[in-house]
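Colleague: Pulled these from Swiss-Prot:
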- Asp262, Ser264, Ser266: divalent metal cation binding site (BINDING)
- 256-438: domain 'VWFA' (DOMAIN)
- 452-543: domain 'Cache' (DOMAIN)
- Asn166: N-linked glycosylation site (CARBOHYD)
- Asn309: N-linked glycosylation site (CARBOHYD)
- Asn547: N-linked glycosylation site (CARBOHYD)
- Asn626: N-linked glycosylation site (CARBOHYD)
- Tyr918: phosphotyrosine (MOD_RES)
- 262-266: motif 'MIDAS-like motif' (MOTIF)
- 1-33: signal peptide (SIGNAL)
- 34-1062: topological domain 'Extracellular' (TOPO_DOM)
- 1063-1083: transmembrane segment (TRANSMEM)
Amino acid sequence: MAGPGSLCCASRGASALLATALLYAALGDVVRSEQQIPLSVVKLWASAFGGEIKSIAAKYSGSQLLQKKYKEYEKDVAIEEIDGLQLVKKLAKNMEEMFHKKSEAVRRLVEAAEEAHLKHEFDADLQYEYFNAVLINERDKDGNFLELGKEFILAPNDHFNNLPVNISLSDVQVPTNMYNKDPAIVNGVYWSESLNKVFVDNFDRDPSLIWQYFGSAKGFFRQYPGIKWEPDENGVIAFDCRNRKWYIQAATSPKDVVILVDVSGSMKGLRLTIAKQTVSSILDTLGDDDFFNIITYNEELHYVEPCLNGTLVQADRTNKEHFREHLDKLFAKGIGMLDIALNEAFNVLSDFNHTGQGSICSQAIMLITDGAVDTYDTIFAKYNWPERKVRIFTYLIGREAAFADNLKWMACANKGFFTQISTLADVQENVMEYLHVLSRPKVIDQEHDVVWTEAYIDSTLADDQGLVLMTTVAMPVFSKQNETRSKGILLGVVGTDVPVKELLKTIPKYKLGIHGYAFAITNNGYILTHPELRPLYEEGKKRRKPNYSSVDLSEVEWEDRDDVLRNAMVNRKTGKFSMEVKKTVDKGKRVLVMTNDYYYTDIKGAPFSLGVALSRGHGKYFFRGNVTIEEGLHDLEHPDVSLADEWSYCNTDLHPEHRHLSQLEAIKLYLKGKEPLLQCDKELIQEVLFDAVVSAPIEAYWTSLALNKSENSDKGVEVAFLGTRTGLSRINLFVGAEQLTNQDFLKARDKENIFNADHFPLWYRRAAEQIPGSFVYSIPFSTGTVNKSNVVTASTSIQLLDERKSPVVAAVGIQMKLEFFQRKFWTASRQCASLDGKCSISCDDETVNCYLIDNNGFILVSEDYTQTGDFFGEVEGAVMNKLLTMGSFKRITLYDYQAMCRANKESSDSAHGLLDPYKAFLSAAKWIVTELVLFLVEFNLCSWWHSDMTAKAQKLKQTLEPCDTEYPAFVSERTIKETTGNIACEDCSKSFVIQQIPSSNLFMVVVDSSCLCESVAPITMAPIEIRYNESLKCERLKAQKIRRRPESCHGFHPEENARECGGASSLQAQVALLLLPLVSSLFSR
């Protein structure tokens, strides 16, 4: 823009122009210092626009009417301060009762299964046609049902995510690598058929139950209700119940494990590949209560992760994946010195046990090798006899059995198990054997420990079908036959799934306030439920994050740097903790800074602790209103009323006939006394009735506006809405539903803007943090819907005005077209106070840029329409930088410990590709051919094999991997209403004015565009990956957060029969060696 001084200068002669140019050059970047944007003019524009837009928002939302109606009832309401400790104790009690019901259902299954097995006599010739979950309803080319594939009636059931199920019968899944008619499986399926009536009875007693099942130690999986299983594209169902966490956790006790891997020269080629896969399968069987390390040996010892020399680490998913990456780097050479490795393994287990950090329960050494030249009895005598508390599990790799006897003896002499793994296809089944050995003490003790898993995603649904987080309660099933008691035979594990949303139903969201929430963690500090848990990421379609089930509380409540809250909850304490928090909203782009009070206690009967967070201020208060049922029912009948679908006003799960009811329908039936079996929250319903009565007049108000066509002639305002603290909503459309610009708004798919189990709507939460009487304006960030950003949402909070306490009782708002909103802005910016009508400055001038930004720095209006929704710092970096320096805005650093970052990885066709059963089979076939050629022609093909099987393709593949990031958010300083500034750039001075829009969260920014100031970089909100150097990575690996061990431990039992150790057939030749532990015992007394 050209100012009056400049125009004056322009009229002078050539000499004056030259003098001015020389002066500008002398001043450097302090130029155009007289060219200021008039603050008074910008103030006028801001005032005009603010008044106009508030008038529209207040008028169409009906905010003043609603505030007036609540004010009229103010004398009839009681305001109470929420007692957080009493609240969390009551919620924990509710959850205990729910968990107890689920545990009892599982206990009934255990009793029925053990009784059925006790009565059954094994019949090797038993022929029994059972319902095979893969084959049911399948026909051959002649139209006849396949064997094991009889007709099995299936019908969609909304209680089971609308999957087709049979609620009268269970069916059986058998892993692809097992024979459907194996006598052991047929007998097991036959006697477990008696579980059907218990499944049905459990479901009748507790209709909120979902999947119930029995996972057999033989490998089959009986599931109720029956459902058809579909193979993958290769015709394979890789699911093996024995490899699931609920099975392993229930079957065994926590354990410390050292895995020894032979990497001597004889292990080259396929043997090393099988060894790696064996290690990987062992890692799959380890859970969060276990600890491990991997040591390779030849002439020397090599820790797979050198940083963890001489210690063990928790077997969480992150650590296991870290070790898997190192497995790919193993290579074979030299000779194997097993004695050194065994000495090291025993010392590591002993030293780690003394730290008190491990499982303090079972201990084991897993030995993976192609042979042993000695029995190393002196080492076992030194470290392990006579107690034999460290079990030895030996895995002989390859078909040769020359050194098998020594390995068998080691396992049998140390209460372990020996297996031989000849091909990749053998790995899974052989690895599983050790779990049944570790289960023996528990079986002999006959201790039916109840176990609960961490949260995981329902495997019956694809990730893009919806998020169903759940936990499983499971119990082991034992053989009760007296003759097998000392053998400790585990029959399997029974369990049932508990959706996390069931836990959330026990939580009265209306008592937690607008920003309040409940959360629960496991004994390891991992999140069971928390509104900030984000298990999925999007890349084309929704996918599970690799480590979603082991997100620690400290990774979402990261402001608690000393883990005070986390550690208190892990240790099952009851108490209170307070801290300032930075809660992100609106897809993480905005931040609310507040102080939270946390209340916590333990949940008895489960390894979980419960917490409640209440935000200070209005979040700590609750009020009770009172109206008659007749009044309330009348106003609930209005068609514009809806209730939060995910809130539990009435329990519609207790009786099947109630499942089809919406919460609003259930309340109406309950109040009318038509459904005496309905159980409802009387206190919440009373407040719903109150809100319905108080907000009822707004329906007529909106209707009158809609009928007056001249009021909204250009149809700029499209929707008016309100929500109350009880989850009650009212909506009014000023245009036809098909004409709405944003078709998703206030619909179930727009999770951010509706009441759900985790949070209040975004427009409600943001309005609550605004100054009472002002509106918060925002545009939705793009989420793939083309026209979604073409609207502006305005909302304001309604408060019960009281001298001391002012709880937010409701929020109202409107949604209008962005074009309508922007037109109002440009109209206001053309006004000026000049009497002659000639404005000194205008947003139409080429020398200025005008913006409308919100309190988080996002652009709502710009002359360049494509900048709408962008962060102001990316467009005007120099101005934003100056605003930060001046204190008009402040930068807040945030952290995301659940992020996914792009990483370049060398793709490999070696070990990981062999997880596929068919690839495993082909690899095994290739190995056999290689061995045959070696035998016939004595020609060394190892180098050919090795290069073909384990060489990595020389190409980089970009993948998304879990990472930690930090990123900024920006918040305006409320006390600063207006600011002017000049920025010294390289060859010019850039002036700007920022002016707050009255009664809003908006700011008008007018910037001198003639000075580009390109030397100042844009300010971006892009997250930056936090990269840890090697020493810090090592420290993070070693660091172990406080955890609580499971209360039960069954590490060993004196009556255990250790003779079944996988090597009984050849023990006779080694009787003398087997007597060594006994001799050692005698001499040690």
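Here, residue 1 is simply the first one shown, and the rest follow in order.
Even glycines carry a Cβ here, placed using N, Cα and C.
Keep in mind that this is a model prediction, so the values were computed, not measured.
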Colleague: Give residue numbers and ranges for long-range contacts of the motif 'MIDAS-like motif' (262-266): same chain, 6 or more residues beyond its ends, CB-CB under 8 A.
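Modeller: Tertiary neighbours of the motif 'MIDAS-like motif' (262-266) are 272, 275, 296-298, 302, 330-336, 338, 367-371, 397.
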Colleague: Which chain neighbours of the divalent metal cation site, leaving out Asp262, Ser264, Ser266, have a Cβ atom within 8 Å of the mean position of the site's Cβ atoms?
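Modeller: Same chain, not in Asp262, Ser264, Ser266, Cβ within 8 Å: Val263, Gly265, Met267, Asn298, Ala332, Ile335, Gly336, Thr369, Asp370, Gly371.
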Colleague: Which of the recorded positions Asp262, Ser264, Asn309 has its Cα closest in space to the Cα of Asn626 (N-linked glycosylation site)?
Modeller: Asn309
Colleague: Where does Asn309 (N-linked glycosylation site) sit by DSSP, helix, strand or coil?
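Modeller: In three-state terms, Asn309 (N-linked glycosylation site) counts as coil.
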Colleague: Summarise the motif 'MIDAS-like motif' (262-266) by DSSP state, stating how many residues are helix, strand and coil.
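Modeller: Across the motif 'MIDAS-like motif' (262-266), the residues distribute as 2 helix, 1 strand, 2 coil.
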Colleague: Per DSSP, to which secondary structure element type does Asn166 (N-linked glycosylation site) belong, with helix, strand and coil as the options?
Modeller: strand
Colleague: If we check Cα distances from Asp262 (divalent metal cation binding site), which of the glycosylation sites Asn166, Asn309, Asn547 wins as closest?
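Modeller: Sorting the glycosylation sites by distance from Asp262 (divalent metal cation binding site), the top entry is Asn309.
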Colleague: Return the single residue from the recorded positions list (Asn166, Ser264, Asn547, Asn626) that has the minimum number of other CB atoms within 10 Å.
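Modeller: Counting other Cβ atoms within 10 Å of each of the recorded positions Asn166, Ser264, Asn547, Asn626, the minimum falls on Asn626.
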Colleague: So among the recorded positions Ser266, Asn309, who's got the most Cβ atoms within 10 Å?
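Modeller: Of the recorded positions Ser266, Asn309, the most buried by Cβ count within 10 Å is Ser266.
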Colleague: Can you break down the domain 'Cache' (452-543) into helix, strand and coil residue counts using DSSP?
Modeller: 18 helix, 39 strand, 35 coil
Colleague: Average the per-residue pLDDT over the domain 'Cache' (452-543) and send me the rounded value.
Modeller: 88
Colleague: Quick check: of the recorded positions listed here (Asn166, Ser264, Ser266, Asn309), which one has the Cα closest to that of Asn547 (N-linked glycosylation site)?
Modeller: Asn309
